[in-house]
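K.L.:
Below is the structure I would like to discuss, written out as C-alpha cells.
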Amino acid sequence: MTAPPRRIRVLYTGGTIGMTEGPQGLAPMADFGARLQDWCATLDARSGLPAFEVRTLAPVIDSASLCPEHWPRLATALIEDWDAFDGFVVLHGTDTLAWSAAALAFLLRGADKPVILTGSQIPWQAARSDAPGHLDAALRLAADPRLAGVSLCFGRHLWPGVRAVKWSSQSLDAFAAPTGRPLADLGATLRVHAAPRPQPAAATPRRFSTAVAGTGAVAVLTVHPGLTAEAVRALLAPPGVRGLVLCSYGLGNIPEDPALHQALAEAMARGITVVNRSQCAHGGVAQGTYASSHALARLGVLSAGELTLEAACAKLQVLLAGAPADPVAVGRGWAQDWAGEWTMAPGAAGG
Ligand code: ASP
C-alpha cells in the first residue's frame, strides 16, 4: 500500500528570497507567495515535489526588522494549520533566520511534524539564485516525518533550529552549528541522518505556546576590556528589562571588578534573570573554573552552557513571558531541555 501524498504548508514571511530591486535597494515583494505558487504549478509532476500551498504572513519584512513580537505571529500561523498539513516550510530572511528557528523550536516544543526554515542569499528571480534549490530541499525534508521538530535548511545542510547561526554574510553555505551536527546533508542526494534528533527532545510531548516576553525584555551585553558598572546599570535601567544575556569571555569569565559584580547583583535583586554565555562560538561556559567567573555562579547567574546567543535570547523570551516568575522557577525552566538545546546528538562536535 502506498503512503498518501504529503501536503506541505509554505509560510512566506519576507526576506531576500522574495525580494526585488526597488528605488532604495532590495525589498520584499508582497505577492511573492502567489507568484511562487504559479511558478511551481508549471513543474513537471516527475519532479517528485510534495504538494504545497503558500500562505503569506503580512506584512512581509526584511528580517533585519524582526522583533520578538513576530515570533508569536509565526507560531500562531503554524499552529492554525497544524492539523491540515504534514509538514511546514517557513521562507524567511537570513539575517534573523537562526533567531526565528530558535524561537520557534521553543514555542513549538515537542513538534510532531517537520518545520523547516529557509531563505536565500540571492533573490529567487536573480541570476545564480540559491532560492529554488533551498525551496526544493526544504519541501522534500518537510515531507519526511523523521525530521519532526524545527530545523534550518541552507546551502549543503539541515541544521537543528536551536543550534544554527548565520556565520557568513556572503557564502551560499551561510549557516553553521558550532556545537551541533547536521540533521541532513544536502548533496547530490538528500541524506537524512539515522537518528537525527537527540532522544530527550524527541520524546518531549507536544506543548505549544505563543507567548514571549517581548521587545525590550531581554538585553544583551558583550563584555569587553573597559566595560564599566555604569554601562551595565544604564543598559538594565529600563523597567521593562527582565533578562540579560551576558556574553562573557572564554569559559564564562568577566573582569574581576567588584563594581561590575555589584551592578549585576543589583539587577538580579530587581528580578532580572542573568545568563552567562560565552563569546566563543564553541566550547561553552563552565562557571567557577576560573575565579573570574566564580563570583557569577555565587550570585546565581545561570550558565548558558553551549547555547548560541540566538537560543539563549529566545529561551529567555519564552521563559519570561507572562507574569514575573520567581527566580527558582525560572532557573528550573532554564535547566530543562525543551528542544534539544542541552542535549547533544551522539558524535556531535564538542559532545
Ligand atoms: N536582509 C535580508 C533579510 O534578512 C537578508 C536575507 O534575507 O538574506 O530579510
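Placement of Cβ uses the backbone N, Cα and C atoms for every residue, glycine included.
According to TrEMBL:
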ACT_SITE  Thr16  active site
ACT_SITE  Thr94  active site
DOMAIN    7-194  domain 'L-asparaginase N-terminal'
DOMAIN    218-321  domain 'Asparaginase/glutaminase C-terminal'
K.L.:
List, in sequence order, the same-chain residues at least six positions removed whose CB sits under 8 Å from that of Thr94 (active site)?
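P.N.:
In sequence order, Gly15, Thr16, Ser63, Gly119, Ser120, Gln121, Phe154, Lys166, Ala174, Phe175 meet the Cβ cut-off.
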K.L.:
Based on DSSP, name the secondary structure state of Thr94 (active site): helix, strand or coil.
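P.N.:
Where Thr94 (active site) sits, the three-state DSSP reduction gives coil.
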K.L.:
Mean pLDDT across the domain 'L-asparaginase N-terminal' (7-194), rounded to an integer, is what?
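P.N.:
Average per-residue pLDDT within the domain 'L-asparaginase N-terminal' (7-194): 95.
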